[in-house]
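Q: So TrEMBL lists the following for this protein:
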{"type": "BINDING", "residues": "GLU18, LEU19, GLU78, ASP283, LYS353, ARG360, ARG361", "note": "N(1)-(5-phospho-beta-D-ribosyl)glycinamide binding site"}
{"type": "BINDING", "residues": "ARG110, LYS151, SER156, SER157, GLY158, LYS159, GLY160, GLN161, GLU191, GLU192, PHE193, ILE194, GLU199", "note": "ATP binding site"}
{"type": "DOMAIN", "residues": "115-305", "note": "domain 'ATP-grasp'"}
{"type": "BINDING", "residues": "GLU264, GLU276", "note": "Mg(2+) binding site"}
{"type": "REGION", "residues": "368-389", "note": "region 'Disordered'"}
{"type": "COMPBIAS", "residues": "368-380", "note": "compositional bias 'Basic and acidic residues'"}
Amino acid sequence: MKKSLKLPQKLMLLGSGELGKEFVIAAQRLGNYIIAVDRYANAPAMQVADCSEVISMLSANDLEAVVSKHQPDFIIPEIEAIRTEKLQEFEERGITVIPTAAATNYTMNRDRIRELAHQELGVRTAKYGYAVSLEELISVSEKIGFPNVVKPVMSSSGKGQSVVNDKTEVEKAWNYAIDNSRGDSQKVIVEEFINFEIEITLLTIKQWNAETIFCPPIGHRQERGDYQESWQPANISDDKILASQAIAKKVTDALGGAGIFGVEFFITKDEVIFSELSPRPHDTGMVTLISQNLNEFELHLRAILGLPIPNIQQLGYAASAVILADKKSDAITFTGVAQALTETDVDIRLFGKPTAHPYRRMGVALAKGKDENSAREKASKAASKIKLN
Ligand SMILES: Nc1ncnc2c1ncn2[C@@H]1O[C@H](COP(=O)(O)OP(=O)(O)OP(=O)(O)O)[C@@H](O)[C@H]1O
Ligand SMILES: NCC(=O)N[C@@H]1O[C@H](COP(=O)([O-])[O-])[C@@H](O)[C@H]1O
Ligand SMILES: [Mg+2]
């Protein structure tokens with residue numbers, strides 16, 4: 001990392017969804033120049049960036065073309081589905097890839113990050129196995145036991161994931177995983193189903209020249225493998241917070257580089273179990289748009305640029321609840337925004353995605369409350385008022 005930082009820097013964002021949009025806003029506030037890239041035009045982050053490019057981020061040639069054209073100082077992946085081998089090449093040519101090119105490759109493959117955490121670092125994870133055919137899935141499932149969770153090794157936001165209760169459901173889970181796998185990967189992971197009390201995201205900030213620091217844990221609830229609501233602080237013991245911080249530090253140290261990571265854990269009565277991590281802001285971390293003095297996007301930016309983070313202040317009980325589409329549409333309008341904003345300490349983000357399909361995340365409601373329940377209720381109530389027409 002360069003010693004004397006000059007602003008503006010040229011930042012290329014690979015992926016331009018809702019997380020990228022808030023990141024671009026944070027980066028613009030310090031006057032940086034941002035090129036927002038995604039697979040479709042008018043993506044959320046493109047609406048606030050200096051310029052944009054529509055390419056296939058899985059194509060090495062397309063990536064080469066936009067990087068040669070813009071010559072960015074930093075490449076900042078925002079999604080997983082990127083030709084990460086090409087990022088390695090950019091890194092070798094002197095462009096800083098966030099957090100590192102290797103980290104993006106580890107985390108886009110569930111098997112690679114799992115091997116790193118469990119085999120190399122000895123971190124506790126759910127019991128797991130892999131399968132590349134239905135026959136193998138049947139035998140691995142029996143070894144792991146039921147219920148278990150089957151996921152494509154390459155997917156995110158719960159795509160292709162299912163809970164398998166017994167042997168009769170294995171074939172359906174196999175077909176679902178293969179149909180929803182990213183790229184042409186035919187490999188699935190089977191995990192022991194963890195009956196957790198709560199699951200959390202520990203936002204972990206890895207810095208170039210300062211200690212790793214953490215945000216207070218974020219609790220969240222998922223459906224279909226996708227986040228529905230999150231809240232901060234999550235009510236877990238100090239011991240478990242320290243245990244999760246130690247694991248997050250171990251894994252992020254092994255990945256290297258700088259930036260924010262969303263490290264996911266299952267918390268049971270007696271254990272802290274590592275699940276996976278995002279080497280970038282996390283969707284459940286959108287709660288920090290209302291719950292902290294510096295949100296996860298501002299923290300990511302500061303960590304990337306090597307700017308100081310003197311303190312992270314948590315501002316009290318807060319929650320986020322997602323606003324999902326319930327139909328297909330390419331003429332997006334919303335009603336109910338005024339109704340959603342009637343209560344104090346409630347805010348809304350509508351991402352500006354140009355098209356909708358069922359369950360696509362279109363916005364998020366944010367709220368503060370006197371306690372966890374009140375914050376969660378306020379956020380969910382506000383989200384429920386917003387209707388996609
Ligand atoms: N082994 C497991 N036991 C119990 N629940 C699980 C297990 N694996 C996944 N889940 C549930 O499914 C959710 C999504 O799983 P996971 O984080 O692995 O998927 P993902 O597709 O990477 O999602 P994202 O990209 O949004 O993080 C988890 O947050 C959890 O609620
Ligand atoms: N769990 C990962 C995650 O939340 N990623 C966020 O969703 C966008 C894709 O949304 P889309 O599928 O609606 O285009 C990504 O670009 C990122 O902002
Ligand atoms: Mg996850």
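Don't overthink the numbers, they just go from 1 along the chain as shown.
Placement of Cβ uses the backbone N, Cα and C atoms for every residue, glycine included.
Walk me through the surroundings of each of these features.
A: All chains included, 18 other C-beta atoms sit within 10 angstroms of the C-beta of ARG360 (N(1)-(5-phospho-beta-D-ribosyl)glycinamide binding site).
Long-range C-beta contacts of GLY158 (ATP binding site), restricted to its own chain and to partners at least six residues apart, with a cutoff below 8 Å, comprise GLN222, ARG224, GLY225, ASP226.
In the three-state DSSP reading, GLU264 (Mg(2+) binding site) counts as strand. Long-range Cβ proximity for GLU264 (Mg(2+) binding site), meaning a same-chain Cβ under 8 A and a gap of 6 or more residues, is found for GLU199, ILE200, THR201, LEU202, PHE274, SER275, GLU276, LEU277, HIS282.
Sorting the region 'Disordered' (368-389) by DSSP state (H, G, I as helix; E, B as strand; all else coil) yields 14 helix, 3 strand, 5 coil.
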Q: List the same-chain residues at least 6 positions away in sequence whose Cβ sits under 8 Å from the Cβ of ASP283 (N(1)-(5-phospho-beta-D-ribosyl)glycinamide binding site), in sequence order, or say none.
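A: Result: GLU18, LEU19, SER157, TYR227, GLY262, ARG361.
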Q: Should ASP283 (N(1)-(5-phospho-beta-D-ribosyl)glycinamide binding site) be counted as helix, strand, or coil on the basis of DSSP?
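A: For ASP283 (N(1)-(5-phospho-beta-D-ribosyl)glycinamide binding site) - judged by DSSP and reduced to three states - the answer is helix.
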Q: Which whole-number value in Å describes the distance between the Cα atoms of ARG110 (ATP binding site) and GLU78 (N(1)-(5-phospho-beta-D-ribosyl)glycinamide binding site)?
A: 17
Q: Using a Cβ cut-off of under 8 Å, list the residues of the same chain at least 6 residues beyond the compositional bias 'Basic and acidic residues' (368-380) that approach it.
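A: Contacts with the compositional bias 'Basic and acidic residues' (368-380): 219, 229, 231, 235, 290-291, 315-321, 343, 345-346.
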Q: When the Cβ positions of the binding-site residues GLY160, GLU264, GLU276, ASP283, LYS353, ARG360 are compared with the atoms of ligand 3, which fall under 6 Å?
A: GLU264, GLU276
Q: Taking the binding-site residues LEU19, ARG110, GLY158, GLU276, which residues show a Cβ-atom distance to ligand 2 below 6 Å?
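A: What lies within reach of ligand 2, judged by Cβ under 6 Å, is LEU19.
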